[in-house]
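Contents: one structure, followed by commentary.
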Amino acid sequence: MAASSSGEKEKERMGGVSGMTGLGSTRERLLSALEDLEVLSRELIEMLAISRNQKLLQLEEENQVLELLIHRDGDFQELMKLALNQGKVHHEMQALEKEVEKRDSDIQQLQKQLKEAEQILATAVYQAKEKLKSIEKARKGAISSEEIIKYAHRISASNAVCAPLTWVPGDPRRPYPTDLEMRSGLLGQMNNPSTSGVNGHLPGDALAAGRLPDVLAPQYPWQSNDMSVNMLPPNHSTDFLLEPPGHNKENEDDVEVMSTDSSSSSSDSD
């Protein structure tokens, strides 16, 4: 009787537990079903052991415990199927999460490329607006084609793209000497022995005239007097260089009279 009463109490407890199993998650329900199966199996084994030792038949109680065990096993199998389905769904969710991460990475890459393209387009639009402003400004201050052609002809005629620092309107000089100017210069005459002025000497006619050749002509007005004086030939006589101080015509007459007297006295002595 004690065994039967304990079995009834166990059944009531198992019934209460089985009623509470529908409230939790699948994992909790599986654990609860396993605990119920463990308790029922232990109870059934104890009942079989007691009946064998006492040689008492308790078929009704054993059948009830066995039915509960079979019922809980069915619940456990259903929960296992549910868990397997949920496991498949979980794997699908993980695969979808990986796909979402991949798509998110692709979207971020595309977003980065779109930002770069936006920056490039913004720069291009800004430059285009600046060009349009320049075009509009050029249209407002347009220059006739004839003036442009004249200016281009003037540049091409001078064979130059940059004028000297001292260049003024009307100055025909170029920023560099031409081949003809180089040949007619001092260096060209030094390299050519057939011309006068070889070995660095100036032509005789230029020295005799007291002037400089065109190659050595001063470029500035303040240089003309100094360079003319410095470049005079050695045999060129000037009053301010060769005549001593106080020299005049009367001194010359006195010298001539003295020379005449000395010559006459020498003739008388003879």
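Heads up, the Cβ atoms here are built off N, Cα and C, so glycines get one too.
Cross-referencing 1-22, 89-110 with Swiss-Prot places the feature region 'Disordered' at 1-22. Every protein chain considered, the tally of other Cβ atoms within 10 Å of the Cβ of SER32 (phosphoserine) stands at 21. Averaged across the coiled coil (26-131), the predicted model reaches a pLDDT of 85.
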